[in-house]
Amino acid sequence: MSRSSEITDLSVLATDIQILEFLLWTSPEGVRQLCIDVGALDDSTLRALVQPMPLLSSLEIQLNRHVRSDQEVDVIRALLDKCTHKTLTKLKIAFQRRASASPAMLSGKARTSEDLRQLDAHLTSFADLRYVTIVLPRGTQSRLESWRRSLQDCFAGFQEQGHLNVTEPYGDTVDPENAPPSFAPYPFPYREGEEEEEVYEEFTEEEEARRRLQTQRILPPAAKRHAGCVTSLAVSPDSMWVASGADDPTVILWDTADQSVVRKWEAGSDIVWYLEFSPDSQRLVCSGSKGRVVIWDVQQGDELGVLKGHTEAVHKAVWSPDGTKLASGSDDTTVRIWDAETYRQIYSLEGHSAIVTFVAFSPDSKLLASGGADYNCRIWTAETGTLKHELSGHKGTLWTAVFDPEVRRVATASDDGRVYIWSVETGQELVVLHEHLGPVWDVGFTEDGTQILSASSDCTVKICDSFSGERVFTLEGHDNMVNAASFSADGKYIASASSDNTVQLWDRNEQTCAVMFNYDDKVTKTLFSPDGQTLSSGLDDGKVYIRKLSDFV
């Protein structure tokens, strides 16, 4: 095939990297501007597939939640190494995340700061590079200012030259009217205002009928929604209520019986990060991005108390299963334990060196797990506030942890794509699951503790033997990252929520998708009710769905 020089502007997703490879091979000297969303690709893959671009003058690198936190700088270097020092004039690095933890490049860790200084030195070798723009991820004003100062310090060379521009987030990083051609992944996403078209492969009549029965499209009343993305979802232990929180920032209480709105609270935070009902279903705790933790009376709607002490965003506040305590973890790097009746602080637990993304009590309320951007999980004795174990091994931000039903083991999930299972008694690593190619957002044990579920940005849900680590089966069917997944109370079903705009309900025994719910936007959360009667889901567009499972399975 002869090479041409007609293609000058490209906008490419990670899923189309082979298309980019082909186009650069056929027209290496024709590409002048490139916008690339690197997805979950690592630096070695980019170095192998991306051809040199000798005439590239403008490069935009979009980093989202798929990118492993320890690979951000390496990914940028890999793409810069494909450019010529004499032609590149513009560079934009855009963080497109809406995540509870900041990217590693902004975390202020010593290793990362040194990496950024080396990147700054590398950039100064590009003789004609005059514009370096960094678009920050969404966050509170204080965090934006902190990130801005950190980047200005690390990119001192360009800051002194006046060539560094650190900007606040502003929706899509590419102006749709001026964007270069985009190679969208298949299937094409549904957009509001477009006519919907379903594309099927060749099926027999019986297969086609079954497929149509399995695919359900549900459109809720327009009023039943938040004004922003649903960032948290909780179901009460008695299965009567669903609470949803968003970045608008509001909290809505729903009645599961008729899906009606019971009440709406103003959360007082830029983003509602987490909601949880008390064990008796009478109270609701809400934590958010301004560091405020508030407790409401579910029946009356009254504010019962505020947990005062954290100075920055609180990503999670949870009840102990016995209802006597609350625990919270924050950007201020502390973990705090509170009296659940007086709402007074009992302990402030220090030891984490970066933001704390989660806290989790053991089923017997005796232990508390915490972890975050320092890559470690700590196990505390809840009654005394003493450190029992520090669990080290992950190479990325930890997103969650869960104890097994007998409190003998605890599982942790991370940006590094791995799930570790540790001994609660000794703190020793028991099993490491190397199952995923991207960050793991969710983990959960079966009721008997024999199997463990993990959901990842690599579009899959894996079920493994929790003792041997052997894979039992893989749930494949999503076309985009899986944001949440869980077992039903009886263990018969698994629900998975994805950025491909679907919730898939899987039959665990058959290892097949029993029902697929299609929506108009990314699904951020999904939860079974404890009684197994309903499945609730929250969307990026603010809508909330509560479905009776008896209508579908």
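The backbone N, Cα and C atoms fix where each Cβ goes, and this holds for glycine too.
A TrEMBL annotation is a machine prediction, not a hand-curated record.
Some features that TrEMBL has for this protein:
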type	residues	note
DOMAIN	231-399	domain 'EML-like second beta-propeller'
REPEAT	223-264	repeat 'WD'
REPEAT	265-306	repeat 'WD'
REPEAT	307-348	repeat 'WD'
REPEAT	349-390	repeat 'WD'
REPEAT	391-432	repeat 'WD'
REPEAT	433-474	repeat 'WD'
REPEAT	475-507	repeat 'WD'
Check the repeat 'WD' (433-474) for me and report the mean pLDDT. 94
Which residues, given as numbers and ranges, are at least 6 beyond the ends of the repeat 'WD' (349-390) yet have a Cβ under 8 Å from it? 69, 100-102, 104, 107-109, 312-313, 315-322, 324-325, 327-331, 333-337, 396-403, 405, 407, 410, 412, 414, 422, 424, 426-427
Can you work out which residues elsewhere in the same chain, 6+ from the ends of the repeat 'WD' (433-474), have a Cβ less than 8 Å from its Cβ atoms? 40, 65-66, 68, 396, 399-406, 409, 411-421, 480-487, 489, 491, 494, 496, 498, 500, 506, 508, 511
For the repeat 'WD' (475-507), the DSSP helix/strand/coil residue counts are 0 helix, 20 strand, 13 coil
